[in-house]
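For reference, TrEMBL has these:
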type     : residues : note
TRANSMEM : 54-78    : transmembrane segment
TRANSMEM : 90-113   : transmembrane segment
TRANSMEM : 125-147  : transmembrane segment
TRANSMEM : 168-190  : transmembrane segment
TRANSMEM : 210-235  : transmembrane segment
TRANSMEM : 268-285  : transmembrane segment
REGION   : 385-404  : region 'Disordered'
COMPBIAS : 389-399  : compositional bias 'Low complexity'
Amino acid sequence: MDASTDLLIVDAKSHFTDNPMIVSDNATLNESHVTFTGGTTYPPEIPIPLPLDLAYTLCEIFIGIIAIIGNLLVIIVFTKYRNLRTVTNYYVISLATADLAVGCFGVPFAIATHVGLPKNIEGCLFMNSLLMSLCTSSIASLVAVTIDRYWAIIYPLTYSSHMTHKSAIIVITLSWIAAVFIGLLPVFGWNLGPPPHPRCFFMEVMDMHYLVFIFISTILTPSIFMAIVYGRIYFAVKRQLRVMAQQTYSQDGELICSKAEVKAAKSLATIVILFVISWMPLYLLNTIMCFCDLCFEAIPWWVIKVTIVLSHANSAWNPALYAWGMAGFRKALKKLLWYGLLKKGLTPRWDHSRVTNETKSIPKSPTKDSQHLTLLNGDVTTGSTRMLSSSSATNNSSTDLTGMKCVNSTTRMTSL
C-alpha cells in the first residue's frame with residue numbers, strides 16, 4: 001500500500017472518529033444508521049439486527065394504515081352529519097386532519113429517512129420538517145379545544161357569543177399557517193447546511209438550537225398551559241357539583257354544567273395527556289442528545305425507536321378516543337359503518353323509535369313543568385321546537401360532538 005493510500009485511510013478514519021454524531025470511536029464503519037423523523041441520528045456500535053429493523057418498519061406501516069382509516073372516518077362522519085358541526089368539533093377535526101397527514105406522509109417519510117433517503121439536502125430538510133409542522137398543528141388544535149372547554153364551563157353564559165364557527169375557522173387557519181411556518185424553518189435556512197455525505201440524517205442537517213426552540217415552544221410550554229387550564233376546569237366542576245348537591249337549583253340563576261359536559265372535558269383532557277405522553281419523550285431525547293454527544297452511546301437504539309413509534313401511534317389511537325369518550329360521534333360512526341356501508345339503504349331502527357317515543361312525550365302546549373331539554377343525536381328539542389345544535393345556539397345551551405350540554409340551573413335537562 002503506497003503512502004497516498006495510507007494518508008486517505010487516516011483522513012477518513014479521523015473524519016468519522018472525531019465526529020461522534022457520525023459514528024462512535026469503537027464502531028465499525030458501515031452504512032447502518034438509526035435515523036428518525038423529528039428526532040436524532042443515532043449510530044449504534046453494531047448494525048441493527050434485521051428482524052428488529054423489519055419489526056420497526058412493519059410497526060410504522062401498521063400505525064400509518066390505522067391512522068389513515070381511523071381519522072378518515074372521523075372526517076367523513078363530521079362532514080356527513082350536520083349536527084356534529086359544533087365549535088368544539090371543528091378543533092377536533094383539525095386534530096384529525098393533522099393525524100391523517102401523519103399517516104399519509106409522516107410515517108412514509110420516517111421510513112424513508114430511516115434508510116437515509118432522500119440524498120438531496122432540500123428533500124431531506126422537507127421530510128424532517130414536515131412531521132414537526134404536523135405536531136405543531138396538533139398541539140395548536142389541542143390548545144384551542146382546551147380554551148373552548150374552559151370557556152364553556154367557566155363562562156357558559158357568554159360562550160355562544162364568543163365561541164362561534166367563524167372564530168373557530170379563523171383560529172384553525174392561523175394555527176395551521178403558524179405550524180407550517182415554524183415546522184419549515186429549517187427549509188428556510190435554519191439548518192446546518194449540506195451533510196458530509198449524500199444521505200439524509202437528521203442531526204447532520206438540523207440545528208440543535210432549532211430543536212430546543214421546538215421543544216420549548218411547541219411541547220413544553222403548551223403542555224404546562226393546558227395542565228393549568230384543565231386544573232382550573234377540574235376545580236370549577238367540583239365546585240359546581242357541590243352546589244348541585246346542596247340545592248336543586250341556584251338561587252341567582254347561576255348556570256351549572258351537566259354530567260355530559262364534565263365527561264366531555266375528561267375525554268378531551270385524556271386526549272391531551274396522551275398526546276403529551278406520546279410526544280414528550282421524543283422531543284426530550286432530541287434536546288438531550290443535542291447537548292450531550294456522549295449520550296449517543298449511553299441511550300440504546302431501541303429506546304429511541306420506541307419513542308418514534310409512540311409518537312406516531314398517537315395519530316392512530318386518537319380516533320378510538322373520540323369513539324370511546326364522545327357519545328355523539330360514537331352513534332354517528334355506528335350509523336355510518338353499519339347502515340351506510342354494511343346495510344346500505346336501511347335506516348337505523350333506534351332513530352325511528354326514539355323520535356316516535358319522544359314525539360309522543362312532547363306536550364302540545366308546553367307548560368312551565370314541561371319546558372325541558374331533550375338531547376337526541378346532537379339535536380335539542382325544547383317543548384315542541386326542534387333546533388339543530390349547529391345552527392341557532394343560545395346562551396342557555398351549548399353542545400358538541402359528545403352530546404354535552406350546559407344548561408341554566410333553573411331549567412330541567414334530560415339527556416337520552
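Heads up, the Cβ atoms here are built off N, Cα and C, so glycines get one too.
TrEMBL entries are annotated by machine, without manual review.
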Selection from 168-190, 210-235, 268-285, the stretch that has most Cβ pairs under 8 A to the transmembrane segment (90-113): 168-190
Contacting positions for the transmembrane segment (268-285) when only residues 6+ beyond its ends and CB under 8 Å are counted: 36, 38-40, 95, 135, 138-139, 142, 145-146, 149, 211, 214-215, 219, 223, 226, 230, 233, 299, 303-304, 307-308, 310-311, 313-314, 317-318, 321, 325
Residue numbers, six or more beyond the limits of the transmembrane segment (125-147), whose CB comes under 8 Å of its CB atoms: 37-38, 88, 91-92, 94-95, 98-99, 101-102, 105-106, 109-110, 112-113, 118, 168, 171-172, 175-176, 178-180, 182-187, 191, 200, 202, 205-206, 214, 218-219, 222, 225-226, 229-230, 268, 271-272, 275, 279, 311
